[in-house]
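Per Swiss-Prot, the features are as follows:
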type	residues	note
DOMAIN	65-223	domain 'CP-type G'
BINDING	SER114, LYS115, ALA116, ASP117, GLY166, GLN167, SER168, GLY169, ALA170, GLY171, LYS172, SER173, THR174	GTP binding site
BINDING	CYS247, CYS252, HIS254, CYS260	Zn(2+) binding site
Amino acid sequence: MNKAQGTIVSAISGYYDVEIENEVVRTRARGVFRDRKQKPLVGDRVVVQLDNQGMNYLIEILPRTNEIGRPAVANVSKVLLVISAVEPDFSLELLDRYLTFFAWKNVGVVIYLSKADITPTEKLKAIKCKLDYYQKIGYSVFEDAEELERQLPTMIQKDQIWTLAGQSGAGKSTLLNKLENEANQETGAISTALNRGKHTTRQVKLFKYSSGFIADTPGFSAIDLFKIKVDELENYFYDLKDASVKCKFRRCQHIKEPGCEVKKLIEEGKIAKSRYDSYLKIRQEISENRMPEYLKK
């Protein structure tokens, strides 16, 4: 019997399909995982015991870097965040919530502005102006679908797992279908309809894309930030965090403290006021353990 390492690409009814060196092997999990109350997840890096008789067993789950989403995906390297310009309308507040959540999960984000082609010129110009700030603080921003599709294969590095996120109706499913169809054409695989209904619950799977994977999942249409500690929130606003090293007080929370570098840079226009407003709003929600307004609708 041989052992090999691979990545779980799908899981259904107690079986786990594991990609090992570009081949997919079907496995069963050993009972030891159940005893440990440990459940293998799509995205897990695992050790498989290979049997010439076709009885392959998953025997070890390697340490996870993270676990996000419902259904959960393990070891997500980056998130492609789909934010619409219209239908639904562009929201800086929602954008900041997503960025905060994924910063907390230690996952990088690439921003894609969808529906730019059906957005009135002046409105689109104003949105692009706002997104310029996010590029300045280190986020990659795409406003053109064709440009995104051209660059994505080189952005997804070997064995990385990417997933999509964004508000409902932003166009995640459309983009995901397109990317999966392209990947299937490249590999010669047969694509089946994804059958995404408004309330459809599906199994997560990974499909090969470039030298990594993209998770075929409904993504994250609603997030909550209640588990973040209030005094750690600034760590997930990278622009505020960078400025805070010059604050007079080491644990400055940028509220009423004297000598606050963050508030100084906001007044000078070097930090976007909208970012600070998002910080204060999320901070208040966490403090009060209160549901955000957009989740009440």
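The backbone N, Cα and C atoms fix where each Cβ goes, glycine too.
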Densest Cβ neighbourhood among LYS172, HIS254 (binding-site residues), 10 Å radius: LYS172
Listed binding-site residues (ALA116, ALA170), ranked by Cβ neighbours within 10 Å, top entry: ALA170
Cα-to-Cα gap, HIS254 (Zn(2+) binding site) vs GLY166 (GTP binding site), nearest whole Å: 29
Candidates SER114, SER168, THR174: member of the binding-site residues with the richest Cβ shell (10 Å): SER114
Top Cα neighbour of CYS252 (Zn(2+) binding site) in the set of binding-site residues SER114, GLY166, ALA170: GLY166
Output field, Zn(2+) shell: CB within 8 Å of site CB centroid, site CYS247, CYS252, HIS254, CYS260 dropped: SER244, LYS248, PHE249, GLN253, ILE255, GLU257, GLY259, GLU261, VAL262, LYS263
